[in-house]
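Trainee: The structure under discussion is supplied below as structure tokens; questions concerning it will follow.
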Amino acid sequence: MPGVPCGALQHHTVPIACAIICSWLLILVHSAFCQKPAKLPLVGRKPFLAAWNAPLDMCTLKHNINVSLELFHIRGSPRAVHTGQNVTIFYANRLGYYPFYNEQGVPINGGLPQNSSLEAHLHKARKDIAHFIPSEDFRGLAVIDWEFWRPQWNRNWHKKDIYRQRSRELIAQAYLNVTEEQVEELARLRFEKSAMEFMQGTLKLGTQTRPHGLWGFYLYPDCHNYNVHAHNYSGTCPLQESQRNDQLFWLWNSSTAFFPALAIRKDHMDSICNLHFSQNRVLESLRLASLTSLPYELPTFVYTRLGPTSSNTLSWRFLDLIHTIGESAALGAAGFVIWGDLNLTSSRHNCSKVKAFLNYRLGQYITNVTQAAEICSDLLCQTNGRCVRRDPQAPHYLHLSRGNYRILSNWNGTFTVIGQQTKNERQMLADRFRCHCYQGYEGERCDSIDGQPKWIFDRQRWYLREQGGQWLINIYDMRI
């Protein structure tokens, strides 16, 4: 009974109605002042996952150079010949009938979303999902890479302006005696409605057919903080762009993961701008991750290239790794994805360089950060959450201390970590980081379940095991 005060209801309905209203108020207050829990990691209790999404299999096929990817928790090649991978990327030509204009301005699949059949697209997309992800129990990353147009009219600038131009032309042809303003508004409404239906419908299909996978669009959310040449560049997302991101609630609410991108440009190597650029993009993704109707924050997996953009060489320096992978871990991202194209494997020299990079600088740093994240999760959060900086702008990272840890290379491309935290280091972690608990856990140390200390549940589980064995434990775990 919206709009009717509790006191105006019949006497016997007052307690029920008031209880419902108070419950909603409690939920709203809790959402406003408490952080949503994190979704449980894809792999075990790994708080920061390393994922690989580059075509290194070509190094073996073309140049007989074997590159081990064992240090990555999940991996997949973007080449279309591969199926059933736990990192699957859907380019424009691999998922349904995605409408776009090619570089020559030729319409593909109708060119515009409002000029294409959504029904035919989804019918084809269902078959494509079954082909590239044959397992219905798929538990990996499903990344849709549609970059030709953006779903918001005002964000289709520069080369993407063709979608606004052609949308106006469609309206002008369909209606007579309309003003330019009316054409503009009708074109915008038709485009945005159809774009939303294509993106939302595709995500809905993916999450329905492969419900255990994490679905989202590559590059989304985007901070649009690309003005790195600006004087006193701070990397802050422009207010207008954050507001536009808020208007994409339908997209965030349809996704089950975010895949923003951190692209280090060749002309900004080792620049403090890289830090500001990366930090604000991750923070914007984390901000939006809590706005959906889901009971947990959407996991953010940061996409980054193997080497800077505008370059086919592997010239990353140590600071670049810190400002992308390290920054993402410290801010609370669920993981990162390293992406690369066929240029990486175009020559024997490039393949050798990739292998050396993975076996030394990159491999050691990935091991450093992922292990440090696990150690922090274990020490501060009882492995029931991930560590997040208390101050997002502070220069604190999840790194193993050089004085107490050694990272040794193994023959299979992995690394072994030797060492342990000192008491002072544990205190430093607690001072600099806090816990973001996984679903089902609460408290400063994530040691409570449904508001009760975890030791109570552990004792109950022990008693059930003594009384009836593992089957009682299984029933108990399902209940909680």
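The backbone N, Cα and C atoms fix where each Cβ goes, and this holds for glycine too.
TrEMBL lists 1-34 with the feature signal peptide. For Cys59-Cys351, Cys223-Cys237, Cys376-Cys387, Cys381-Cys435, Cys437-Cys446, the entry in TrEMBL reads disulfide bond. The active site, proton donor annotation in TrEMBL covers Glu147. The N-linked glycosylation site feature in TrEMBL is assigned to Asn368.
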Trainee: Within 10 Å of Cys376 (disulfide bond) (Cα-Cα), which of the recorded positions Glu147, Cys237, Cys351, Cys435?
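Mentor: Hits: Cys435.
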Trainee: Could you check which of the disulfide-bonded residues (Cys223, Cys237, Cys435) sits closest to Cys446 (disulfide bond), going Cα to Cα?
Mentor: Cys435
Trainee: Under DSSP, is Cys223 (disulfide bond) helix, strand or coil?
Mentor: coil
Trainee: Show which residues of the chain containing Glu147 (active site, proton donor), separated from it by at least 6 in sequence, have their CB under 8 Å from its CB.
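Mentor: Spatial neighbours, sequence-distant, of Glu147 (active site, proton donor): Ala92, Tyr218, Leu219.
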Trainee: Which ones are near Cys381 (disulfide bond): of the disulfide-bonded residues Cys351, Cys387, Cys437, which have a Cα within 10 Å?
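Mentor: Correct set: Cys387, Cys437.
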Trainee: In terms of Cα spacing, which of the recorded positions Cys59, Cys351, Asn368, Cys387, Cys435, Cys437 are within 10 angstroms of Cys223 (disulfide bond)?
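Mentor: Checking Cα-Cα distances against Cys223 (disulfide bond), none of the recorded positions falls within 10 Å.
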Trainee: Determine, from DSSP, whether Cys351 (disulfide bond) sits in helix, strand or coil.
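Mentor: Reduced to three states, the DSSP call for Cys351 (disulfide bond) is helix.
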Trainee: Give me the Cα-Cα distance between Cys387 (disulfide bond) and Cys435 (disulfide bond), rounded to a whole Å.
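Mentor: So the Cα of Cys435 (disulfide bond) lies 5 Å away from that of Cys387 (disulfide bond).
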